[in-house]
Amino acid sequence: MAVDARCRIVGLFCYILFLHSLAIIFFTRGFLLTRTELPEFSTCSDVAKSGCFGKYTALSDTASSVNLTEKIDKIVEGEAFFSQDDGIRKAVEGGREENIETNRQSDDKPSSECWTKPAIKRVIIIVIDALRFDFVAPSSHFPGESQPWMDKLRVLQKLYKEENGSARIFKFVADPPTTTLQRLKGLTTGGLPTFVDIGDSFGAPAIVEDNLIYQLVQSGKKVRMMGDDTWMKLFPSHFSVAHPFDSFNVKDLHTVDDGVIREIFPALLEPDWNVLIAHFLGVDHVGHIFGVESPLMVEKLEQYDRVIEDIVTVLKNQSGPGGSHEDTMLLVLGDHGQTLHGDHGGGTSEEVDTALFALSMRESPGRLPLDLQSSTCTINTESNRDQSPCITTFPQLDFASTMAALLGVPFPFGSVGRVNTELYALAASTWPFKSEDHPPEDPIRMWMERYSLVLCMNSWQVKRYLDTYSTSSIRGFPTSDLAYVQSLYEKALVNIHSLYMDHIQMGTNDSVSDRSKFKEISDETTINLLDSIQDNMGYLLAAANLARTQWTQFEDEWMAIGLFLLIISMVVQGVALKRALSLSVGSRSSEDKNSEIQSNLQELFPVKRMVMACGVVAAIAGVILGFYTTTGWVESSLFATVIAGGQVYTTLAAVALVSIIAYVFPARGPRVVQSDQNIYAKGQTVCSSYREACIPNAKLSMAIVFVGLHACGLLSNSYILSEGQVVCFLLATSGILYLRRAIQSCCKVPQAILLLLLNVGMASVGLVQIFKDPATVASPSLKDEHSSASNSPQLSITDSCIALITTVLPLSSLVWLITRRARKLFTFRSLYWAIALTIPFSYFLLIIHWFTMDIASCLLLEIPQSFMEFSRLFCPQLVYMASLMLVIFTIIKIALSTRVSVLTSCRHHIVEGIVAVVAGLSGTILLLLGRKGPMVVLLAALEIWCLLDLQALDFSNDNATETGKVLIEQGVGSNGVGLGSHFAVAVDWNLVAVQLFFCTGHRCTFDGLHFTAAFIGFDEFYFYRQGALLALDTFGSSHILPVIGLSLLVTAAAARMSSQPKFSLEGDRFFSLEVAKGYLSYGLVRTILTTVTTICVTLQRRHLMVWGLFAPKYVFDAIGLLVIDGFIVITVVLYVSSFSGKLKMT
């Protein structure tokens, strides 16, 4: 069976892509799998098991002498002294069984009472997306000068000051990642967010675990929603009435907000709802496009201020006795914050700190005791309320439990939050009504009893969830940690017993509704109440901390397998590079040489041996898996984890491991042994000369040092934040080495100096602080009656002229460079004319697009709406179309061409394809990169030109010693270009690629993604189209183009080597191997960096910034590696398919 040599090369790179994909899948499965969703739901009947309900029983004095342990056992079994106020209690003997039956009946039909008596009848939740904390809190709360965006929501501050005891402002603290979908999920489930939640709904956006919205619907309450359509994706069939609006078009500042305003006021007057959710998006979109400091942000906040004021007016008008909003609570909250540049997703204080404003339509009759108030509120007396607002911290984790307690529905099963003290006390119905039977001191004690009851149920629910999770999840909570929180829970039960004994001693009546004797409870009982509340709160805080720690827990076995495969893949790439370098195509033409070449080519990718080994092992793995599954013999944690992952993962892991062994360890045979003996016989005489001839030691050593410094720096979070500057420094150091070598060779000195200057220019232009693109202005399509030209971000005429010059000049220079190069090199005249017409046309459209935006921003002319639409939408679409057509035409032209028959034509053929594809993609990439793109790309193009010239110093045989030249001519060791040159070229190319990533305004954080780039030329959102544009913006200039352009270096080196007579033979094979060696070296460098990043994220997985910094860095590097591998496969297929000759093996 014949196997083409080119197929072996393509197969090799496909195999490397397979190993990297498998390694990343395994590691990601262990690293991002942090929480198992349980298919459990809370019901009304569950609460009977909590030990928080029962009846007061008139016990004799002998009862008080019952052993303490027996009483605690009774408490645990459900005979606690508390009974639910006016709820599901029964004042007869055997109340526990009747209580259970009552709750079961409550599951059959909706009931207004379940775990707790509803404290409010209605709640209005206004969500302002990306609401910063300093948007709500008074400017006096912050040090320094007041900022323009502060104190714009004046109605909230006014209500806090005027509504004594009925309004509160909280710092609403989110858990990262701070994205809307994750935050809404955390707010409604009461669970901690994870990087990726894996459960039965993996890959589906809808929430399938227990949540607040589900409990409201099950309890017969009606929920209305209007605004961000993310709610519909999470709860597709839960709302009685829904008015969703598209949320993905970040350029649309007003459609969602206008829709909410249009729907909310009629809804306030309607009686058929219990919960109304209104989700505004304007602040988030203004931040993404213009930043917090934009005048549009102030305008948007003032708009919200007017809307909230109108809403409060409507509520107050109907909040009197018997009014529809008598027992209504208004909540204005943010799902997350945002940075000054409008980014969010990470864990910085700007992103996690948002605000929650609460207003009860009925004033609370009492005040919390000082022991239950936060430290900041204890000093906030009425005298300084206006000057020093009482702002306490409210974790978003506590939101679901608090709202469930206020609305009288079961707590979500997976909730680990606690009922917030201050918000719960804000509801007037949580306090007993004053009457003649209740002196002034009684309401506080009675409120504490009710709150203690709520915390008792809260603690039991969290304990139930932790116990269930520990037994249901593959990896539950650590035994020692679980025992510690269990001890805290038991301590709370002891306090319940103390309260139980107090009631016994005070002679509690049989009738639990008789509260007359509560006023006689001693001060000791009050202390016990406080102790009970604080003990339950301590348990809940400890449980939340345990969950927070555990759910950043990782599946170590999967991570170890993935990391091991990634490390071994480096070995595979190194072995493949060594075998490619060992292929000799010198002037020797003996049969021994041909036999050696055939053997080495076969070992480059031994298909037959690897397929046979993988087939055998896959069968064995299936048998072993079946044995362990049927016998249940899975005590090994590794086997348990692997088997839990499924047969597919097990088989893939086994196949990958055996294929690596089969690849790395070659088959032994007489021919191979003879070849080894021949090489060994020559080894003593040629080793030192081989190195001298084929490896430029200084350059290789520095290349290794660069990779080592770059890789080791990834262990530091400070380095990751400053990676762009460090890469520029390393590239400058490489430029100094080139300058030294150029001076020694007395040639190419200007290119070396220019390289250093260009590197400085790249750092100066590309690494400056990234501000919002001034060209992204609010065009007429983005404005309506709520925005005015005077308030829109504007460019001065001077700034506009500078922006135009720095755009037109680089674009003109790029057109001249591309067309000039194409005119000299292209043999395909049709391809040349395609470039000569397409590139100027595309760049001209870019200028029209940006220049029109500048005119609109400067307000110099009144631009017709039709022309504005043409410039804003149609011009970018034409650029996309031109780029796509040129790339497709180039690929077809190269694939169908049969003109190439000699090495020189082959080289020209490849160069033409590279230049044409890069030129075709440049228009789209420049458009997505924004105004700074042309200048950065021009500097990068000149930088690459300098590298192409300077790297000829390493590939030139003129620099080799006489002994080395003789060895090359004899075919010993290399085909003319050694490991040192290939690896050094790959390192330099990688530095340029990484520099391009950072200099084009990207960062390895999710809030650094340029979401606005996905909507250039489009107003509507389509997932695949916008996803492709975002991916092209993120990886186009730094990953895709460098892979395509790497062959420019290979062809340059091949051209120099092929000019020698000894390399004129077997040109196709020679060029194929040069391509393979170039991509193997580049892929090896990128794999080393990704592997070190993976090791770093493994070591730092308990770091405070793991989700905000290290995890995004890993995700970007891992995806980037797969993108590079994928395009290497594509480009290798295109390159080697153009060779005319074929070398077949049998």
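In case you wondered, yes, glycine gets a Cβ from its N, Cα and C as well.
Keep in mind it's a predicted model, so treat the numbers as computed, not measured.
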From 268-290, 406-428, 797-819, 1004-1026, the residue range that TrEMBL assigns the feature transmembrane segment: 797-819
The annotated transmembrane segment range in TrEMBL, which must be one of 939-958, 979-998, 1039-1058: 1039-1058
In contact by Cβ distance (the transmembrane segment (12-32), the transmembrane segment (1114-1136); 3 or more pairs under 8 Å): yes
Long-range Cβ neighbours of the transmembrane segment (1079-1102) (under 8 Å; 6 or more residues past either end): 13, 16, 20, 27, 31, 552, 554, 559, 562-563, 566-567, 569-570, 573-574, 576-577, 580, 707, 710-712, 714-715, 717, 982-983, 985-987, 989-990, 1043, 1046, 1110-1111, 1113-1114, 1117-1118, 1120-1121, 1124-1125, 1128, 1131-1132
Outside the transmembrane segment (831-851), six or more residues from its ends: residues with CB under 8 Å to it: 775, 803-804, 807-808, 811-812, 814-815, 818-819, 822-823, 871-872, 875-876, 878-879, 882-883, 885-886, 889-890, 893, 912, 915-916, 919-920, 922-923, 926-927, 931, 934
Same-chain residues near the transmembrane segment (910-929), Cβ under 8 Å, at least 6 residues beyond its ends: 811, 814, 818, 821-822, 825-828, 831, 834-835, 838-839, 842-843, 845-846, 849, 876, 879-880, 882-884, 886-887, 890-891, 894, 936-937, 1000-1001, 1010, 1013, 1016-1017, 1029, 1032-1033, 1036-1037, 1040-1041, 1044-1045, 1047-1048, 1051, 1071, 1134-1135, 1138
Contact set, same chain, for the transmembrane segment (12-32): CB under 8 Å, 6 or more residues outside the stretch: 194-196, 198, 554-566, 568-569, 572-573, 576, 604-605, 610, 645, 649, 652-653, 656, 659-660, 663, 1076, 1079, 1083, 1087, 1094, 1097-1098, 1101, 1111, 1114, 1118, 1121-1122, 1125-1126, 1128-1129, 1132
